[in-house]
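Novice: Sharing a structure here in structure tokens format.
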Ligand code: ATR
């Protein structure tokens with residue numbers, strides 16, 4: 001019988017994870033089945049236990065269950081602890097092992113796929129929710145010149161910076177609001193807000209030129225065509241633009257490695273998904 005994996009979320013029907021992991025399994029000659037499971041909003045832990053009882057070997061976890069998965073895990077990787085969220089679970093006997101592969105996925109997309117170094121660069125991270133928190137430690141490990149975290153709710157940005165204050169100096173990691181970005185420019189601007197989901201743009205200062213020459217604008221969301229943030233960057237003259245499709249596939253590759261000990265080649269999978277999404281919304 002094939003080994004069983006799934007992704008839990010709510011909603012989940014849009015998930016590309018089954019397509020990605022099925023492609024990885026074929027590529028790595030692994031006999032596994034991967035499905036998307038809708039967990040009730042108040043029934044995540046029960047859904048996980050039912051899945052384990054049915055023989056499940058591991059799972060991905062997406063919105064809105066990553067913090068709950070963090071609490072459910074009986075053992076955590078260091079990066080899951082730092083992120084305070086879990087996107088990958090492995091069921092080892094009685095243990096529920098939690099990992100977070102989002103930050104590693106973002107870094108691999110930036111460093112390898114997009115050839116965008118972070119060391120010594122000025123980086124701006126927009127947002128201070130779960131998605132932002134998951135990538136702060138991996139970004140800091142790359143030793144940027146500065147990492148500014150801007151959020152509408154400034155106290156949330158301050159709280160997030162506080163969590164990482166021990167690993168970074170005050171001049172390296174600074175919180176703030178959007179108006180304070182006026183007059184500052186960055187080599188890499190990452191949108192980790194959920195604004196794109198609602199077709200909205202974070203309130204960036206329009207005329208202030210936050211994008212340095214040759215900067216990269218990166219939206220952790222993806223969709224057909226430019227997200228509002230990428231459209232804004234393009235209108236500001238930014239030529240290097242990327243959405244979160246590469247990160248999605250790279251975090252999945254890292255999760256596949258966490259489960260199976262094998263690292264799939266993400267390049268053909270990213271290309272296939274890109275071709276599908278350009279073919280239309282149903283693709
Ligand atoms: P996630 O897990 O996706 O990060 P979250 O924890 O609910 O979700 O956080 C959402 C983030 O997107 C927050 O940083 C939120 O900003 P506030 O804390 O100020 O609410 C940000 N966000 C959502 N919609 C936004 C918008 N239209 N403009 C700017 N920021 C937005």
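Each Cβ is built from the backbone N, Cα and C atoms, and glycine gets one as well.
Note that TrEMBL annotation is computational and uncurated.
Quick caveat, the model's predicted, so the values are computed rather than measured.
Below are the features I grabbed from TrEMBL:
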DOMAIN    7-88  domain 'Shikimate dehydrogenase substrate binding N-terminal'
BINDING   15, 16, 17, 62, 87, 102, 222, 251  shikimate binding site
ACT_SITE  66  active site, proton acceptor
DOMAIN    118-196  domain 'Quinate/shikimate 5-dehydrogenase/glutamyl-tRNA reductase'
BINDING   127, 128, 129, 130, 131, 220, 244  NADP(+) binding site
DOMAIN    244-274  domain 'SDH C-terminal'
Novice: What number of additional C-beta atoms lies within 10 angstroms of the C-beta atom of residue 66 (active site, proton acceptor)?
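Specialist: Within a 10 Å radius of the Cβ of residue 66 (active site, proton acceptor) lie 26 other Cβ atoms.
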Novice: Tell me, by DSSP, whether residue 130 (NADP(+) binding site) is helix, strand or coil?
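Specialist: DSSP call for residue 130 (NADP(+) binding site): helix.
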Novice: I need to check the long-range neighbours of the domain 'SDH C-terminal' (244-274): which residues 6 or more away from its ends have a CB within less than 8 Å of a CB in the stretch?
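Specialist: Distal contacts: 5, 16-17, 19-21, 23-24, 27-28, 30, 32, 57-58, 60, 87-88, 90, 99, 101-102, 104-106, 108-109, 113-114, 218-222.
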Novice: For the NADP(+) site as recorded (127, 128, 129, 130, 131, 220, 244), determine the largest distance between any two Cα atoms, in Å, rounded to the nearest integer.
Specialist: 17
Novice: Those binding-site residues, 127, 128, 130, 244: which ones have a Cβ sitting under 6 Å from ligand 1?
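Specialist: The binding-site residues passing the 6 Å Cβ test are 127, 128, 130.
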Novice: So how many other Cβ atoms are close to residue 127 (NADP(+) binding site), meaning within 10 Å of its Cβ?
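Specialist: Result for residue 127 (NADP(+) binding site): 24 other Cβ atoms within 10 Å.
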